[in-house]
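Colleague: Marked as domain 'DUS-like FMN-binding' by TrEMBL: 2-214. As annotated by TrEMBL, active site, proton donor applies to Cys29. The FMN binding site annotation in TrEMBL covers Lys72, His100, Ala158, Arg159.
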Amino acid sequence: MGTADPNLAVQAAKMVVNDVSAIDVNSGCPKHFSIHSGMGAALLKTPDKLVSILTSLVDQVGDPFNIPISVKIRLLETEEKTLSLVERLVTTGIKCLTIHCRTTPMRPREPSIRTSLKKISDTCHKAGVMCLLNGDIEGFKDLDHVIEKYGVDGAMIARAAEANPSCFNSKGQIPWNEIIREYFEYCKKFDNHVVNTKFCLARMIPGKSQLYQKVAQSKTMEQIDDALNNLTEDDMNKFIHIFKSPLTLLEEQVKQEELRAKNQMLKRSAEDIIEPSKRVRFI
Ligand SMILES: Cc1cc2nc3c(=O)[nH]c(=O)nc-3n(C[C@H](O)[C@H](O)[C@H](O)COP(=O)(O)O)c2cc1C
C-alpha cells in the first residue's frame with residue numbers, strides 16, 4: 001500500500017482486507033509519483049507519520065481482522081539511523097519488516113549493501129518480527145545462503161522475477177525459451193492486454209535476439225504467437241543466455257541501451273564538429 005495518511009490507510013485497508021492475506025506499507029519507493037505526496041521513501045524522512053500509519057493499521061485492521069501488517073523500508077544514510085528507525089517500527093505491532101538494502105538515492109544497478117543486515121534482522125527478531133531481505137536476490141537458489149549468513153527469514157524478489165518468473169522454483173529455474181511460452185499461455189488464458197504481454201515478455205527475452213525485435217514489433221496477440229512459434233537460428237543461438245543469471249541479462253540490456261545512447265551522442269558531437277554552420281555556433 002502506498003500511503004501518507006493513517007486514516008486513509010485504514011479506510012483503504014478495510015476495503016481489501018477480506019480479499020488479501022497481508023497488507024504491506026510501501027516505505028521504499030523512490031519514484032516521483034510516490035514521494036511527491038509523502039508516500040514511499042518519503043516516509044523514511046517522516047518516521048512519526050510512518051509509525052502512526054503502522055500503528056493505526058495494526059490496531060484498526062490487523063488485529064481485528066487477524067491479518068498481518070508489514071512494512072518495506074530502505075537503508076538510511078548510516079547504520080545507526082537505520083537501526084534506530086527499525087527499533088521504532090518493530091514496536092508498532094507489525095509482523096514483518098523488509099529491508100531493501102539500498103539507500104533512497106541508490107539506483108537498482110548499484111550493488112545492494114548488506115553490511116548492516118545481520119544487525120537489522122537481529123533487531124527485528126528481538127521484537128518478535130520477521131525480517132526479509134530485498135535487493136539482488138536472483139532466485140530460490142540464493143535463499144539458504146542469505147538465511148544462514150544474515151539470519152533473515154526470507155527475501156523479496158523484483159527484477160529477477162520479471163526476467164524469469166520461475167526464479168521461485170525450488171527445483172531450479174526453467175530456461176527462458178520455455179518460460180516465455182508458458183507465460184504466454186497464461187496471458188492468452190486470462191485475456192491479458194497485448195501491451196502488457198509485450199512489456200513482460202521483453203524482460204524475459206534476450207535483447208539481441210530477432211525474437212525480441214519481432215515481439216517488440218507485434219501489435220496483436222496472434223503476431224506474438226507467430227513470433228514465438230517461428231524461432232530462427234539466431235534466436236536458438238541466443239538460448240545460450242539461459243546459462244547467465246537474469247540480473248546479468250538485465251544488466252547487459254541496460255549497458256547496451258546506454259552504449260547506444262552514448263554512440264548517438266558521439267555521432268551528434270561529430271556532426272557538430274564537421275558541419276561548418278554549427279562550427280560557427282561554438283566560436
Ligand atoms: C517493475 C518494478 C516495479 C516496482 N514497484 C515498486 C513499488 O511499487 N514499490 C516499491 O517499494 N518498490 C518497487 N520496486 C522496487 C522493488 O520492489 C525492489 O525493491 C527493487 O527492485 C530491488 O529488488 P531486486 O534487486 O529484487 O530487483 C519495483 C521494481 C520493479 C522492477
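Each residue's number is its place along the chain shown, starting with 1.
Each Cβ is built from the backbone N, Cα and C atoms, and glycine gets one as well.
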Colleague: An 8 Å radius from the center of the Lys72, His100, Ala158, Arg159 Cβ atoms defines the neighbourhood of the FMN site; name the other residues of that chain inside it, in order.
Modeller: Gly28, Asn134, Gly135, Met156, Ile157
Colleague: Where His100 (FMN binding site) and the residue listed as 'active site, proton donor' are concerned, what is their Cα separation in Å, rounded?
Modeller: 10
Colleague: Record lists Lys72, His100, Ala158, Arg159 as binding FMN; longest Cα-Cα distance in Å?
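Modeller: 16 Å is the greatest Cα spacing among the residues binding FMN.
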Colleague: Please classify the secondary structure at Arg159 (FMN binding site) using three-state DSSP.
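Modeller: For Arg159 (FMN binding site) - judged by DSSP and reduced to three states - the answer is helix.
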Colleague: Return the count of C-beta atoms lying within 10 angstroms of the C-beta of His100 (FMN binding site), excluding that atom itself.
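Modeller: A count of 24.
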Colleague: Determine, to the nearest whole angstrom, how far the Cα atom of the residue listed as 'active site, proton donor' is from the Cα atom of Ala158 (FMN binding site).
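Modeller: Here the two Cα atoms are 13 Å apart.
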Colleague: Average the per-residue pLDDT over the domain 'DUS-like FMN-binding' (2-214) and send me the rounded value.
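Modeller: Averaged over the domain 'DUS-like FMN-binding' (2-214), the predicted model reaches a pLDDT of 96.
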Colleague: Looking only at Cys29, Ala158, which of these recorded positions has the biggest number of Cβ atoms within 10 Å around its Cβ?
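Modeller: Per the Cβ count, the most surrounded site is Cys29.
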Colleague: With every protein chain in view, what's the tally of Cβ atoms within 10 Å of the Cβ of Arg159 (FMN binding site), excluding that atom itself?
Modeller: 19
Colleague: Only counting partners 6 or more residues apart, tell me which same-chain residues put their Cβ under 8 Å from the Cβ of Lys72 (FMN binding site).
Modeller: Asp24, Val25, Asn26, Ser27, Gly28, Leu97, Thr98, Ile99, His100, Asn134, Met156
Colleague: I want to verify one value. Collapsing DSSP to three states, which class is His100 (FMN binding site)?
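Modeller: Strand, per DSSP.
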